Structures are given as structure tokens and as C-alpha cells.
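Quick look at what TrEMBL lists:
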type	residues	note
ACT_SITE	D86	active site, proton acceptor
ACT_SITE	D300	active site, nucleophile
BINDING	D86, S87, G88, G89, Y90, D174, Q223, G250	substrate binding site
BINDING	C347, C349, C352, H378	Zn(2+) binding site
DOMAIN	8-106	domain 'tRNA-guanine(15) transglycosylase-like'
DOMAIN	131-392	domain 'tRNA-guanine(15) transglycosylase-like'
REGION	305-309	region 'RNA binding'
Amino acid sequence: MKKISKSKKRLGFVKTRRGAIATPVFMPVATQGAVKNLTPEELKSLGAEIILGNTYHLWLRPGSEQIKKFGGLHKFMNWNGPILTDSGGYQVFSLGMKTQGRSFSSAELAPPSAAFKQSWCEKLVPEPSGNLVKLSDKGVEFRDPFDGKKYFLSPEKSIQIQLDLSSDIIMVLDECVGYPASHIEAEQAVKRTTGWARRCKKCFDEKTLKLKIKKPLLFGIVQGSVYKDLRIRSAKELLEIGFDGYAVGGVAVGEPRKYLGDVLEWVLPFLPENKPKYLMGLGRPEEIVSAVEAGIDMFDCVIPTREARHGRLYKFKANINEKDFYETLQITNAKFARDFNQIDESCKCYTCRNFSLAYLNHLFKTKEPLAMRLASMHNLRFYLDLMEKLKNQ
């Protein structure tokens, strides 16, 4: 990694067993082994270097062991570039996110005295549909929301699943609390996250010791909610264990946006300069620019394809150093029905090179499946172009 001038912004490469990735980098999200509405070939043509797979979903369907029989996720989905897989923890915890809509007193949000600390070694979290998520230091037990089947995800199991998927960058299992969370809840999550990270590292080292191919990378995840002392503690504890890269988690769980800058300011000084830094799951264009300025290297988010499916298209309108450097077009608006311009004349994506705003408006109004494909191509190209602009500044 190389700092740019006197800023915290960095240029670099993350070297994986399937090639080096130039950073800063945006990773399209292939939740179930596919980026919605796009083929792997189209992703490559757009400029994607690496994608993200979802361990939780792929474990449940079609099953990590079945994917292993196909030779791993790369062969299963016909993608020959690097793949990062998450640990599956966030999806499991979101089944029973018990803090949603909850408020806390100032006493609960403050660091507790020793007399009030609880171990909370085990908790049972009811989910609105009646499912249960049972969390302990051993791991997390949950029911599949589709068929009610019971599963148990431990740090060791998470590592094994990701190895079965043949991931190139593996994430440790962590506990992600929602917002708001009391200090004691966040502290317990940090304690458990550190313990799980240590077990993940041990399991990873044991299972990759005799690999005949190059080892994947293993990243730790910093937690701690919106508490400075816990964020710093989490970063220091992970650094003591030692990982190939470090992620900042728990920053897209309903907290006010003002906390993003604070969390990065607290955490990044404690992470090594020569290791990649990954901001998980958060990625509006302006947030990416701010995070790159702070020293983040890697991003993933479902926003570009999700917004595309709802007919919201991104367009650059100014230099990315300016506050309002882009705009969002709601393509279903009547004003676009007779607009024969492209979305963005500077964009080189297939959509902008071949189709007008009027045609896209027509496709969305008539609910043609092609509408979401063309919109997804453009929005992902916008995000990938944004990363290039950040590199070339």
C-alpha cells in the first residue's frame, strides 16, 4: 500500500492466489453466487476484479459441500477472478436483531462499572416470525427461515464452509450488534468477536497447512458499535492475533451516518499500514469517497444493483472532489419518456453506448426484465468508474 501525497488515501494491490487486485476497489455482491441480473462475463467487461459471495446463503442453498464437489464457487458460477466470502454471521444475527427500534437510557449507553458487568454467555433472541437465534460463546444456532431446519454456525464451521467454497479472501466469524446497542452489549460482542477470531485463525492455520495450492487470505473484523474505547480495544486485540487484512464491521446497521467518520478515525490508526483495510457493507458514492480519503481500500455494497432494480440510475455531474458530484435519475419519471439522450455521455457501459433514457423509461414502465439488466450494468459501471477516478486523482 502506498499513501498519496500527505493525505490518508492509498493506492495499492491486494495479492490473492488468483491474482492481484488494484485498490481502492469495489466488490459487486454475488449473494447467492450471482450478481443480480448480470453474467460473470458482463461483470468482467464492466471492469470488476473481485466479487463477494455470501457464506450464509450458499451454505443453506445449494450447500457448500455440493459447491465443493463442483470444484468450488469459481467453477460453479464460472468466475475466474478472486472471490471474497463473508463469514455468514451478519445474516444469522439479522434474523433476530433484537435491538431494532429499541431505545436506551443514558446509563445503558455509558460504559458500565465493574459491579454491573454481566457475562451474558448465552442469550435467546426471538425473531418476529417466531424463529429463534441462540447465541453463545460456542457459536450461533438458528433456524432456516424457509424450512425451519436448525443449523449451528461456529467459528470453525464458518472457516470450513469458506474453504469448501474455495474463497480467496476469508472473513472471520464476528458478532455484529444492531443500533442502538448498550455499551455492555457492544462490549460482550467485542469479547466474543475476539474469541471467535482467535478460533478462526487457529482453524484456518490447521486446515491450510497442507494445502497443495496457495492459501487464501484471512481477514479479521473490528467491532465495537459506536463506542471509541470498544473500537480501539477490538482493533488492538485483532492485531495481536494477526491477520492478512482488517475489516471495519458494524457500520451499516442503522446508526446515524455521522458515526462513520468517527469510527474510522478511532480504528484506522491502530491497523497496520501494509495490510488492506475493508469497510463492510456500506457504500453510497459519497461515503466511499470519504472512506477512501480516510484510508480505506476495499468496499462492497448491494446499493448499485438494488437501486437499478428500482429504476434509480447514477450519473456523474461534477468532479468527485466536489460535494454534489453525482445525481440520481428516477428513470420512471414522465420527463424521460421523450428524452433521447444517454444516461451519461461520458459513460462507456453497454447501456449508455446503445440506449436512450426514453427507451429505458419504456422498459421500466412495461416491466420488461431487460430494464433491470441494463440499469444494473450502468450502475455497476458507475461504481467501478468511481474507483478509477479515485485512483487517478
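Here, residue 1 is simply the first one shown, and the rest follow in order.
Glycine residues also receive a Cβ, built from the backbone N, Cα and C atoms like all the rest.
Structure with TrEMBL features highlighted.
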residue	record	CB count, 10 Å
S87	substrate binding site	27
G88	substrate binding site	26
Y90	substrate binding site	24
Q223	substrate binding site	28
G250	substrate binding site	31
D300	active site, nucleophile	23
C347	Zn(2+) binding site	19
C349	Zn(2+) binding site	23
C352	Zn(2+) binding site	22
H378	Zn(2+) binding site	28
* Which residue counts does DSSP yield for the region 'RNA binding' (305-309) in the helix, strand and coil classes, in that order? -> 5 helix, 0 strand, 0 coil
* Structure fact -> Row D86 (active site, proton acceptor), column other C-beta within 10 angstroms, all chains, value 31
* Residue counts in helix (H, G, I), strand (E, B) and coil for the domain 'tRNA-guanine(15) transglycosylase-like' (8-106), per DSSP? -> 32 helix, 23 strand, 44 coil
* Structure fact -> For the residue listed as 'active site, nucleophile', the spatially nearest of the recorded positions D86, D174, G250, C352, H378, using Cα atoms, is D86
* To do: Select the closest residue to H378 (Zn(2+) binding site) from the following binding-site residues, measuring between CA atoms: G89, Y90, D174.
  => Y90
* Reported as an integer number of Å, what is the Cα distance between G89 (substrate binding site) and C349 (Zn(2+) binding site)? -> 35
* G89, D174 as binding-site residues, winner by CB count within 10 A -> D174
* With H, G and I counted as helix, E and B as strand and the rest as coil, say where DSSP puts Q223 (substrate binding site). => coil
* Asked: Can you check what DSSP calls D174 (substrate binding site), collapsed to helix, strand or coil?
  -> coil
